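These notes concern the structure reproduced below.
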Ligand SMILES: Nc1ncnc2c1ncn2[C@@H]1O[C@H](COP(=O)(O)OP(=O)(O)OP(=O)(O)O)[C@@H](O)[C@H]1O
Ligand SMILES: [Mg+2]
């Protein structure tokens with residue numbers, strides 16, 4: 001689905017990604033975990049062409065992504081749900097969703113959009129009840145749902161989620177992650193960035209560990225969950241416990 | 001007495017609605033880009049001047065239509081040449097650029113049209129025809145101005161609320177990154193806002209021209225009034241601009257009854273200063289939103 005080789009990226013003089021390589025195959029849930037400031041959001045923003053890469057190659061569905069704009073990436077079937085939701089606060093839930101379907105409208109797929117609206121409401125029933133509410137007045141969890149629903153309206157093959165669990169209660173996190181699993185079962189590919197490593201590795205097939213702009217570890221989720229370094233650094237277990 | 005009051009009210013509403021349209025022009029661009037386009041007044045002047053020139057060869061409605069299109073294209077040209085390539089410019093830089101543009105357009109207009117005062121012909125009737133409203137005799141053009149300004153406001157509302165393109169422009173104003181993540185080409189939406197702003201400015205210039213007449217530098221005056229009104233209503237809020245425009249228009253006309261004529265222009269400037277001192281977010285703007293903006 002997406003292949004990244006030696007990606008370097010940053011802001012101005014600041015180098016954030018220092019040669020990242022990774023791949024996500026069709027139908028997988030892949031997670032990227034890492035500490036604050038490791039460059040996770042920068043990685044996703046670079047993949048979404050919000051931030052321009054300095055060097056390296058990105059292949060999306062085998063097609064190279066070269067100096068393209070964020071809009072073309074969406075049109076190529078890859079949608080990012082950014083960190084911090086970024087819903088259109090002064091617009092209603094339905095207006096937000098209609099904007100999510102912008103490229104579908106441009107392609108003239110009116111019929112599909114009419115199917116997609118009930119579909120996203122079936123995934124997030126809470127949104128249906130809040131259809132005409134302004135997005136800015138939704139709770140944090142509802143805004144996260146709306147941000148995901150909006151991205152789904154573009155019918156992406158690859159959905160990139162940047163810290164969907166941020167600031168949410170454990171129950172809500174569970175609900176969101178079950179949605180992530182459902183989406184995968186329905187044929188979507190998912191790249192999930194998370195602080196909450198335990199929950200993320202619980203849902204993902206594979207994972208990468210990003211540290212200061214470099215991938216330091218990769219493997220199946222099971223392996224990463226059992227890995228001592230990961231346990232210590234990201235799962236909050238202490239040495240003593242691990243050695244017991 | 002009643003006739004005179006009606007007369008004042010109608011003429012206040014007439015200039016007020018033109019101020020409102022100028023203010024809406026500011027707001028559209030402000031919402032899309034966060035900048036104040038000080039060349040807004042020149043759109044009004046260019047629209048009217050072009051229509052006057054074209055009306056020599058074309059029927060009036062066509063002349064106005066082409067003038068509106070040409071001014072919209074001028075708006076697009078300005079955006080593409082002077083704004084688009086800037087990477088996150090500072091507010092000060094934008095102000096300087098748009099003031100520069102306004103001077104440039106004014107000078108160009110002076111060369112194209114000289115300094116003569118012109119006016120578009122009356123849409124219906126002529127200078128002396130009048131209709132009577134509650135006993136007051138007014139020019140039918142006043143009704144044209146009120147009608148067309150109201151139409152512009154209604155159409156803009158429908159456009160921004162219900163069409164995909166209108167919603168996309170709003171999306172870009174509220175969150176550029178999120179808009180481009182929806183697949184919207186945000187740069188094109190900015191160009192479109194300049195075109196829209198140019199188009200409504202030109203239309204306003206055309207309807208008002210028979211009453212106030214047009215000269216190469218008449219844009220400046222309207223730009224200042226429009227800006228005062230936009231700030232008075234709360235920058236970015238177009239419906240508030242309508243209310244603010246009508247209030248300023250009425251205040252100006254009624255001030256004639258208590259103050260010398262020469263002071264009318266001081267009214268809007270005084271309002272602008274008072275608003276900036278006591279309520280920088282504008283009459284109807286909320287303080288929160290005011291603080292979020294870039295100035
Ligand atoms: N727009 C920006 N301009 C300049 N520097 C930035 C910008 N965004 C992020 N950075 C810097 O890039 C580095 C990586 O940031 P990034 O947001 O990618 O981290 P992250 O892994 O997503 O962290 P978190 O888990 O806290 O979200 C940080 O040092 C940050 O200060
Ligand atoms: Mg982040």
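Note that Cβ sites are derived from N, Cα and C of the backbone, with glycine treated the same way.
Any TrEMBL annotation is an automated prediction that lacks curation.
According to TrEMBL, the feature transmembrane segment maps to B:6-29, B:64-86, B:91-113, B:142-160, B:190-211, B:223-251, B:258-278.
Within the same chain, the transmembrane segment (B:223-251) packs against the transmembrane segment (B:258-278): three or more Cβ pairs sit under 8 Å, each pair at least 6 residues apart. For the transmembrane segment (B:6-29), the partner stretch with the highest count of Cβ pairs under 8 angstroms, out of B:64-86, B:142-160, B:190-211, B:258-278, is B:190-211. Highest Cβ contact count with the transmembrane segment (B:64-86) among the listed stretches B:142-160, B:190-211, B:258-278 falls to B:190-211 (criterion: pairs under 8 Å). A Cβ distance under 8 Å defines the sequence-distant neighbours of the transmembrane segment (B:190-211), meaning residues of its chain 6+ beyond its ends; these are 14, 18, 21-22, 24-26, 28-29, 31-33, 37, 40-41, 43-52, 64, 67-76, 78-80, 83-84, 118-123, 139, 141-142, 144-145, 148-149, 152, 156, 165, 169, 172.
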